[in-house]
Amino acid sequence: MLDKLITELDKGLRTLCAPAHSGRAHPDQDIAEADLSAAEKKHALGLMRVNHCGEVCAQALYQGQALTARDASAREALRQAAQEEVEHLAWTERRIRELGGRPSLLNPLWYTGSLALGVAAGVLGDKWNLGFLQETERQVGAHLDSHLSALPPDDARSRAIVRQMRDDELQHAEMAHELGAAELPAPVKAAMKLSAKVMTGSSYRV
């Protein structure tokens, strides 16, 4: 158990402090940079910072869930989702830098809270563990859809990243469903949405 904790601590430090790396090509690599106005660039930066913070939260959530998952298939589903979230971290982090910004200063706070939630979800049992994965990815997918509408129309690079992230998240939700994810109670879903609203509002600015 101590080895597991050390491994997860190392993952956490790398998530928060080290540049992320993608095994796949960046979705925007062949797309030219648009000539955005200062206001458009600022807005795109805020949205991509929100998306990066969301991926930090996802990493922590899945790490916490994997620590307490009992079933091998559930652990593998969480591992696979977490690996793709690392790629999302790399994509959004680079885009933030290209837009002239930096990641949210609140990332450590959100990481800690998400890790605790992940551990708690895993303790409840694998069907609820997968249920949290399924609902998280559904909500993130809907959130990314809203960003596709909100991003500047000419910012094709950010839009390509967000579109691929959305497709990945929905695949994760479907994978969790196929593995027997439980449907979370409505109050839990509402609490998750409220938490996400606070996170998005704060990380857009800070």
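Cβ from N, Cα, C; glycine included.
Over in Swiss-Prot, the protein carries these features:
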- GLU55, GLU85, HIS88, GLU169: Fe cation 1 binding site (BINDING)
- GLU85, GLU137, GLU169, HIS172: Fe cation 2 binding site (BINDING)
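The Cβ centroid of GLU85, GLU137, GLU169, HIS172 marks the Fe cation 2 site; residues of that chain outside this set whose Cβ lies within 8 Å of it are ALA58, ALA81, GLU84, LEU133, THR136, VAL140, GLY141, ASP168, LEU170, GLN171, ALA173, given in sequence order. Note on GLU169 (Fe cation 1 binding site): other Cβ atoms within 10 Å of its Cβ, all shown chains, come to 25. Cα-Cα distance from GLU169 (Fe cation 1 binding site) to GLU137 (Fe cation 2 binding site): 5 Å (rounded to the nearest whole number). Listed in sequence order, GLU55, ALA58, GLN59, TYR62 are the same-chain residues at least 6 apart in sequence whose CB falls under 8 Å from the CB of GLU85 (Fe cation 1 binding site). Put simply, GLU137 (Fe cation 2 binding site) is 13 Å from HIS88 (Fe cation 1 binding site) when counted between their Cα atoms. Other C-beta atoms found within 10 angstroms of the C-beta of GLU55 (Fe cation 1 binding site) number 25, with every protein chain shown included. Note: the Fe cation 1 site is recorded as GLU55, GLU85, HIS88, GLU169; in the same chain, GLY54, ALA58, GLN59, GLU84, GLU87, LEU89, VAL140, MET165, ASP168 also have Cβ atoms within 8 Å of that site's Cβ centroid.
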